[in-house]
Amino acid sequence: MKNKILFSFSNPMNSNSSNNIENNNNSNNNNNNFKNNFKNFSRKRTNDIEIEDNITFSELLLQKEVLKGLEDGGYQRPSPIQLKAIPLGISGVDLIAQAKSGTGKTIVFGVIALECVLRESKLLRQKQELNKTQLTNQTNKQLLEMDDDTYVETMVGIIRKPLVLIIAPTREIAVQIKDVIKSISKYCKRIKCEVFIGGLNSNNNKDENNNNILNNEDVNRLNGTQIIVGTPGKIKSLIENLHLRTDTLKMVIMDEADKLLDASFSKTINWIYSAIGNGNSNKNNSSSGSGIQMLAFSATYPSYLINLLKLYMNNENLVEIRLCSDTPSLEGIKQYYQIFRNDFTENNYKTFQNKCKSLVLVLEQVSFYQAIIFCNHKIRGEELTRQLNREGWPTAFIAGGQNQKDRLSTMSALKSFNIRILVSTDLISRGIDVERVNLVINLDLPKDHETYFHRIGRTGRFGTYGVSITFINMKSIQQQQQQQQQQQQQIENENENENNNNNEGFQEIDFINQLIQEYSVDITERVDNDIIPEELYSYQLSNPNDQQSLANLKLKQQQTILLNKQLEELKINENENENQYQNEDEEEEQEEDDYHYENQHQNEDEEEEQEEDDYHYENQHQNEEEEQEQQEEDDDNYNYENDNDSEEYEFIDDSIIEQTEYYYLNSNNNNNNNKNKYGNTINNNHYRNSSFNGPKNSINNNKFKNKNINNNDQRNSQSNGIKKKVNTNNNNFYPHYYNNPYPQNYYYDYQYFSDNSYYNNNYNNNNNNNNNNNNNNNNNNNNNNNNNNNNNNNNNNNNNNNNNNNNYYQQHGNNPYGYNIPNSIQYSSNQFYYCTCPNCPTMNYHQYI
């Protein structure tokens, strides 16, 4: 048995020329140095890229320009997929190729594409030399009618039409394919390869049909391009806008074909395939309807997809190469899984934080070069990136929703060794080739097994070694038992689909079991602080510049960690100072609060005391007023009781007055306008204050009952009821008011004025109208119906009969009817008045007759 040949690494992206096309010509010296270093460099690689025979690329019948480009890129001997697929692809057959990630599939279809262009160019040159020997006037006329590209092809022998179309599922893969082809075609003269992807224009202009409008830069780059690389959406736009000719295509290559044929891309791929078939209808030499060679490459092919893919192929010339259909994982990858038990929570932020803590422990334990961490959610990826950067790890994040320029910049930083960790969604789970990545961590479990193999395939590239760790969630035993009961119940109800959706904990652990059973994967469980042997992932870096870059990144990380510690200490000191100041402020505030509290309570106490004092003061004054009122009442009673006259006094109750009023009102219902309480037709005031200075006969309907207050209705508060003084020895008290010719018998109707006269309601004045009203209201007195003069005569006669003091009337006036009563009268009752004038010698009650 022949010795196995160890192959060189297939990573043209390591050179400085891989990042930018413009730098390719300036990096020839670096490539030559790298080539010389590589000749003396050898390292152990895995068996899945080894072949038994000692075969080189020169034995694969390749053009010398391609061979020279492969040699400069470090490719001396082919891998198994390269050895089998390149010769078949060059021969022109349709090809379905399956190989493990990182075994050199990009080199396979890159070489096949270059060979196709070189072959067509060679045929064109032969045809051009033949045309030169047969030039005629007719051919000269045809040359004038040719377009620019056809004229150049005919006269110079250079193809300026698209020959190869390469479709990739993501923009990052498309850019990488273009870089690989550029690196191995630098010795191929007049071959142009361009990549067309979306997201680079600052203004995403669209037409009325919501289709992308190509800018002039894309159109200019299409001129003279033989190999076109792009994403499905961009390729469709080029064809729709009639910028990409499909009638000249000779070959269509689908990288990551299983991804291109899933639901997200299948509609666009079918549209492109139909457009290519219509453009080549005149070359119908295959069952597929076109003369185009179809090639498909991927690391994984589901069983149903193979039959679907054959519909795009020429079945007569179809060849399948499936080198890893049973075990798609690479031999150089050591696979681990770590369980996170959700005893109380389920896929929440707490579980995410626990995973982040375990992740940091892994990064500290494993001496990795570069690492890729996959997340299922963009938000989690962004949060993880922030945490790792705070820990000092040079980390970047990439996802589909980002700006395309930022995505390209992030990939450039990863490939140029400017970062150590890249956090990503499934955007870069396929096709991305970075040799220095020797650690892959699945923070979240992928959705299917194919994605799992593509994720871990980012390490262990082309026979190198690496480690993959997958974090899975597992529910507690109690939750498992509950789910088992639910599962049995759902099976009885034939709801297996709902059971699969609700049983996330079992899905993740079953995912690992299926990897072991169906794909024979060697995967080991681990826990925190488990040591991962260095020989499982460590290897010597091929490029000396990588060693220096790694050392710089580690130094930067240490500086960042030191800076973070200093910032934390500074922050702690600031927090202590702030806490100290805060405590002092709180103490001051507390003192102020206590001070205000004491003042407030003191003020409240003072207010309460003031209220009590006011209350006592009011009560004291109220008592004094009551005592004063009581004293006045007692004085009044004393005056009544000590009267020197022999007449008897009594108080007539209000009921007597009310009875009298009732009797009067019932007999005078027709004359009740402007009547007082006792039926008197008046508009005057009851003035009982001798000091009232008003006009005679003034009327305001006010009752002045206190001798010391003007213009107020105040009856003395000490008097109880209306006092009536009756002379029992005199028959002057009549049973009815209008039977009394002397109205002074009713005290309540007295009117006192300040002009030495009094006025009675029933004898108002000498006005005839008032006399008539009084005569009409008196039902019992028929003699008073004439006029006021007759009433006055009667009063004079009655008064003369009872006159016992003629001297008094001579002193105060000769009017016996009270019209000239002096101003000094203070109080009167019935037939008596009390005089306080200095001319009165008795100063006592005097009978008024």
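For all residues, glycine too, the Cβ spot is worked out from N, Cα and C.
Listed in Swiss-Prot for this protein:
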BINDING   ARG77, GLN82, ALA99, LYS100, SER101, GLY102, THR103, GLY104, LYS105, THR106, ILE107  ATP binding site
COMPBIAS  583-595  compositional bias 'Acidic residues'
COMPBIAS  604-615  compositional bias 'Acidic residues'
COMPBIAS  624-644  compositional bias 'Acidic residues'
COMPBIAS  667-687  compositional bias 'Low complexity'
COMPBIAS  696-720  compositional bias 'Low complexity'
DOMAIN    86-319  domain 'Helicase ATP-binding'
REGION    9-39  region 'Disordered'
REGION    480-504  region 'Disordered'
REGION    572-644  region 'Disordered'
REGION    667-737  region 'Disordered'
REGION    761-817  region 'Disordered'
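Locations of recorded Swiss-Prot features on the structure.
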residue: ARG77; record: ATP binding site; CB count, 10 Å: 19
residue: ALA99; record: ATP binding site; CB count, 10 Å: 25
residue: SER101; record: ATP binding site; CB count, 10 Å: 28
residue: THR103; record: ATP binding site; CB count, 10 Å: 26
residue: LYS105; record: ATP binding site; CB count, 10 Å: 25
residue: ILE107; record: ATP binding site; CB count, 10 Å: 26
Within the compositional bias 'Acidic residues' (604-615), count helix residues (DSSP H, G, I), strand residues (E, B) and coil residues, in that order.
12 helix, 0 strand, 0 coil
Any idea what DSSP makes of ILE107 (ATP binding site), helix, strand or coil?
helix
Mean per-residue pLDDT computed across the domain 'Helicase ATP-binding' (86-319)
83
